[in-house]
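S.K.: Quick one: the structure is below, questions incoming.
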Amino acid sequence: MRGVRCPGLLVVCILLSLSGAGTQKAESKNCAKWCPINSKCVSNRSCVCKPGFSSEKELITNPAESCEDINECLLPGFSCGDFAMCKNSEGSYTCVCNLGYKLLSGAESFVNESENTCQASVNTGTTPVPSRIHTVTTAPGNLPEQTTTVHQTQMGDSEERTPKDVNECISGQNHCHQSTHCINKLGGYSCICRQGWKPVPGSPNGPVSTVCEDVDECSSGQHQCHNSTVCKNTVGSYKCHCRPGWKPTSGSLRGPDTICQEPPFPTWTLLPTAHSQTLLRFSVEVQNLLRDFNPATVNYTIQKLIEAVDKLLEDPMETQTQQVAAQLLSNLEQSLRTLAQFLPKGPFTYTSPSNTELSLMVKEQDNKDVTTVHHGQTWMELDWAVTAGAKISENGSSVAGILSSPNMEKLLGNTPLNLEQRRASLEDFYGSPIPSVSLKLLSNINSVFLTNTNTEKLASNVTFKFDFTSVESIEPRHELICAFWKAHNGNGYWDTDGCSMNGTGFCHCNHLTSFAILMAQYHVQDPRLELITKVGLLLSLICLLLCILTFLLVKPIQSSRTMVHLHLCICLFLGSIIFLVGVENEGGEVGLRCRLVAMMLHFCFLAAFCWMALEGVELYFLVVRVFQGQGLSTWQRCLIGYGVPLLIVAISMAVVKMDGYGHATYCWLDFRKQGFLWSFSGPVAFIIFCNAAIFVITVWKLTKKFSEINPNMKKLRKARVLTITAIAQLLVLGCTWGFGLFLFNPHSTWLSYIFTLLNCLQGLFLYVMLCLLNKKVREEYWKWACMVTGSKYTEFNSSTTGTGTSQTRALRSSESGM
């Protein structure tokens with residue numbers, strides 16, 4: 001039977017041991033690493049004292065607390081019994097028999113009065129009778145308890161009495177002051193000061209009249225605290241605390257062997273590719289400020305740090321705004337988080353001269369209340385437990401802060417919005433693709449930080465309310481959103497993941513970073529307008545190519561005017577190709593490719609306008625000043641046609657660097673840059689105005705010339721010629737582009753369609769007016785057709801009537817070809 005039962009019992013024992021080991025392993029994973037000495041963990045955030053020790057609170061939630069030994073001998077109602085005394089030890093106690101007594105069992109000690117069997121070990125010939133058995137303790141103090149018990153035997157009446165010393169310290173017959181320690185001696189007693197105490201001035205140390213007072217080891221220099229700690233006196237002793245904001249490195253907390261280190265401040269280094277003198281001065285100023293930091297002037301340091309940031313943001317940032325913002329916000333939050341540890345508990349607010357607002361709240365980590373942090377621009381409500389997280393500070397406090405700067409928009413105002421999480425639902429709602437979105441900041445950018453640095457997923461939501469520009473009505477394709485700035489690979493973008501906004505303007509988020517209220521304008525793609533644009537541009541490119549070939553190959557029409565027409569068509573042709581191929585910014589990020597496309601479009605379209613202006617100048621010299629010279633030379637025309645737009649692009653780059661080129665939606669000019677709109681609209685408006693004036697003068701002069709050439713011309717034919725000429729000049733001189741200056745409302749569908757049709761078909765209009773309506777061009781086309789088909793070429797006799805011939809000859813001098 002033993003052979004059968006033993007294996008089963010062995011298996012059960014093994015399983016039980018493994019189960020216990022697994023439980024201990026699971027518990028160890030959830031244990032707090034910071035539990036103080038003489039305590040054990042009960043969770044990953046709390047500890048309890050071991051038996052025999054106690055703390056101020058039942059649960060220990062930060063390492064600043066400690067477990068002190070319980071002196072069981074002083075507990076009310078405690079007694080070891082007759083002929084015994086209590087001896088306290090660290091975490092426990094024992095009861096031992098008085099001198100001359102021993103336990104019947106022969107043991108050295110016991111713990112309960114019920115176990116007391118103390119009996120006299122010396123045979124005196126009499127039966128000892130207990131008399132005046134007293135157990136007393138020392139006066140209040142931090143020294144271990146000392147207890148002395150005296151037993152006086154009383155002989156029978158017939159026996160001689162043997163006198164024994166009376167322990168006045170135990171019997172209560174002493175008159176020592178409560179601040180002293182009673183020491184019994186043969187025939188008397190002394191009253192002396194304990195360790196950490198001293199006689200008051202004028203008092204002796206020993207007599208009954210001795211009165212003691214606590215020794216302030218901290219002020220007297222008798223302490224052994226490390227110079228990295230601060231000595232704090234206690235009754236009869238002292239403790240060594242870390243300086244505010246400093247962290248312990250080794251040793252027991254608040255003990256003489258505690259050593260602390262200064263909190264590390266972030267290194268405000270420049271970006272490797274940044275060469276801004278403003279950034280360099282800012283970095284040096286902040287490094288010097290933090291290097292010379294004095295905890296006594298923490299308020300001054302915080303104010304100077306905020307003012308330095310304001311000074312940096314007031315100057316326009318040339319390049320790498322998102323990279324600078326990522327580094328600036330990270331270092332600023334870390335610095336403020338560290339500086340806040342030196343502040344006293346409670347609220348702290350500061351408003352700089354540039355209206356940058358900082359609000360800090362410093363409270364105990366074990367506070368469970370819902371706390372509000374606010375200033376003039378922002379209001380935040382959060383469960384205070386999330387401020388510390390798993391990070392425990394030595395001083396037992398944590399911080400929550402909000403920083404709002406109106407100038408932060410200069411760095412993050414052009415940051416794109418990430419639509420990946422919501423694109424499908426938005427496209428389903430609008431029924432069309434949404435290639436991009438435009439943003440407008442309605443509130444200040446608010447940077448929120450806590451002592452807890454792991455804020456990607458909080459245990460409870462944080463509620464915000466921002467003071468932002470009120471919106472009476474939200475236009476179509478617009479949405480009011482609560483977004484946060486997310487750093488990514490040195491740059492960043494706006495996102496809404498984890499945040500929601502209700503109708504009352506409150507924003508709820510389960511993570512923390514920098515927040516703002518944005519107005520998002522979704523660019524919903526119009527399939528019909530996109531089709532018109534692509535088909536129109538393809539047709540325009542074909543016609544512009546035919547114009548270029550015609551002006552190069554048809555010899556009879558080559559002149560100064562056809563040279564202007566040639567360069568005009570070349571600029572429009574190149575601009576249309578670049579626009580068709582690269583204008584859409586599918587990725588949403590403004591990179592080098594998008595900026596180069598925007599720059600080339602800027603140059604090509606400005607060059608087209610300049611050649612349109614030269615067309616007007618040619619008409620002016622041709623019609624108005626026909627007898628006063630031949631006009632501009634070829635090199636002068638090229639200098640104006642290509643030099644002026646190149647100069648405008650160069651000036652634009654010098655003013656805004658590359659930031660003005662490229663947009664999250666299209667690779668075109670970013671008109672949100674202050675004044676950058678006029679780098680294109682200014683020259684366009686000026687050229688259109690000048691060409692319109694030239695157009696009026698030209699028509700007026702042509703009317704007079706037609707009357708002088710043929711006074712008897714019929715009014716109908718005269719009106720027809722003037723109408724054709726007017727239409728040609730209107731199209732060539734770019735009035736279709738001028739129509740776009742009046743397209744103030746981008747959501748006006750019919751205006752968008754008209755503008756798109758006029759500009760996409762401009763190549764077709766130019767080909768019809770400059771080539772097909774020109775008789776010499778038609779004759780050349782007919783010759784080429786006959787050469788291809790092998791037919792014999794004949795003159796167009798049907799169109800050479802008398803009036804038509806005279807009209808053709810009259811216009812030939814002007815090379816109009818019509």
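Every residue, even glycine, has its Cβ placed from backbone N, Cα and C.
Straight from Swiss-Prot, here's the annotation block:
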DISULFID  Cys35-Cys47  disulfide bond
DISULFID  Cys49-Cys67  disulfide bond
DISULFID  Cys73-Cys86  disulfide bond
DISULFID  Cys80-Cys95  disulfide bond
DISULFID  Cys97-Cys118  disulfide bond
DISULFID  Cys169-Cys182  disulfide bond
DISULFID  Cys176-Cys191  disulfide bond
DISULFID  Cys193-Cys212  disulfide bond
DISULFID  Cys218-Cys231  disulfide bond
DISULFID  Cys225-Cys240  disulfide bond
DISULFID  Cys242-Cys260  disulfide bond
DISULFID  Cys482-Cys507  disulfide bond
DOMAIN    69-119  domain 'EGF-like 2'
DOMAIN    165-213  domain 'EGF-like 3'
SIGNAL    1-23  signal peptide
S.K.: Cα-Cα separation of Cys49 (disulfide bond) and Cys95 (disulfide bond), in Å?
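M.R.: Counting only the Cα atoms, the answer is 23 Å.
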S.K.: Say you check the Cα of Cys231 (disulfide bond) against those of the disulfide-bonded residues Cys35, Cys182, Cys191; which is nearest?
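M.R.: Going through Cys35, Cys182, Cys191 one by one, the closest to Cys231 (disulfide bond) is Cys35.
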S.K.: Under the DSSP assignment, what numbers of helix, strand and coil residues are found in the domain 'EGF-like 2' (69-119)?
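M.R.: Summed by class, the stretch gives 6 helix, 17 strand, 28 coil.
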S.K.: Roughly how many Å separate the Cα of Cys191 (disulfide bond) from that of Cys182 (disulfide bond), to the nearest whole number?
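M.R.: Cys182 (disulfide bond) has its Cα 5 Å from the Cα of Cys191 (disulfide bond).
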S.K.: Please report the number of other Cβ atoms within 10 Å of the Cβ of Cys176 (disulfide bond).
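M.R.: By my count, 22.
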S.K.: Relative to the Cβ of Cys218 (disulfide bond), which residues of the same chain, six or more apart in sequence, are found under 8 Å away?
M.R.: Cys225, Cys231, Lys232, Asn233, Tyr238
S.K.: Taking the Cα atoms as reference points, how far is Cys73 (disulfide bond) from Cys118 (disulfide bond) in Å?
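M.R.: Cα to Cα, Cys73 (disulfide bond) and Cys118 (disulfide bond) are separated by 18 Å.
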S.K.: Among the disulfide-bonded residues listed here (Cys67, Cys182, Cys482, Cys507), which has the Cα closest to the Cα of Cys80 (disulfide bond)?
M.R.: Cys182
S.K.: Report the DSSP secondary-structure composition of the domain 'EGF-like 3' (165-213) as helix, strand and coil residue counts.
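M.R.: Per DSSP, the residues of the domain 'EGF-like 3' (165-213) fall into 4 helix, 16 strand, 29 coil.
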S.K.: Including all protein chains shown, what's the count of other C-beta atoms within 10 A of the C-beta of Cys191 (disulfide bond)?
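M.R.: Result for Cys191 (disulfide bond): 25 neighbouring Cβ atoms inside 10 Å.
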S.K.: Tell me the Cα distance separating Cys507 (disulfide bond) from Cys212 (disulfide bond), rounded to the nearest angstrom.
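M.R.: The separation of the Cα atoms works out to 62 Å.
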